[in-house]
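Per TrEMBL, the features are:
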TRANSMEM  19-47  transmembrane segment
TRANSMEM  67-92  transmembrane segment
TRANSMEM  113-137  transmembrane segment
TRANSMEM  205-227  transmembrane segment
COILED    240-267  coiled coil
C-alpha cells in the first residue's frame, strides 16, 4: 500500500501538460528539420539537372540552401535543449504548487526565471509563425509544378500538339536569375521531371516539413499557456508564503508575550 501511495504521489507531480507540449515540440522540430534538410538537397538536384545546367547561375542559391541546412542543425540542437529546460521548469512549478504548505519554498529568482521563459517562448512562437509561412512557399511552388504535370497527363491534352506549350518557368519565383538556362521546361520534359523520384520525395517532404513547423507553433502556444499559468501560480504561492510567514511571526510574538506575562505573574506571586 505504501508503494502504491508513493507511485500515486509521484504521478501527481508530473506536469502532464508540459510533457505533451514537449513531445509535440520535439516531433514538430524533428519533422521540420529532418524532412526539410532532405527536401532542400532534392531541390538542388532538380534545379541542377533540369532548370539550371550552368553552375554559376544557381551558385548563390546553392550557398543559401547549404546555409539553411546548417541553420537546421542549430534549430534541432537548440529546441532539444529548450524543450528539456521547459519540461524541467514544469516539474519545478508543479512541485512548488503541490508542496505549497510543505518545506518547498518559491523564490524571487524562480519567479523571474518563469517570467523570462514566458517572454522567450512568446518570441520563439512569433518567429516560428514566420518559419511556418516560409515553409509553405516551396510547397506552393512544387504544387504548381505538380498541377501543371497533371494537366499534361489529362486525357484532354495528352497526345495533342498543345502539350508542348504547357510550361513551367522556375525563374518567375526568383530562386534563379532570369538569364539561367533553360529556366523553362515544357511538355513531355516537364512530365518526366514530375515522374522522377527526386521531385516526388521533395514535394512530399516539404509538405511534412510544413506540417512539422505548424506542429511546433502549436506546441509553443501550448507552452506559452502553461508558462503563463505556472507564473500566475507561483505569484499566488509567493503571496501565500508571505501571508503564512507573517502569521507565523505574529503567533510566535503572541506566544512570547504570553510566556513573559506568565513569568511576571509568577514572580509577583
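Each residue, glycine too, has its Cβ placed from N, Cα and C.
Sequence-distant neighbours of the transmembrane segment (67-92) (same chain, 6+ residues past either end, Cβ-Cβ under 8 Å): 13-15, 17-19, 21-22, 25-26, 29-30, 32-33, 36-37, 40-41, 110, 113-114, 117, 121, 124, 216, 223, 226-227, 230. Counting only same-chain residues 6+ beyond the ends of the transmembrane segment (19-47), those with a CB under 8 A from a CB of the stretch are 58, 61-62, 65, 68-69, 72-73, 75-76, 79-80, 83-84, 86-87, 90, 131, 135, 138, 170, 175-176, 193, 196, 198-199, 201-202, 205-206, 208-209, 211-220, 222-223, 226. Across the residues of the coiled coil (240-267), the predicted structure has a mean pLDDT of 69.
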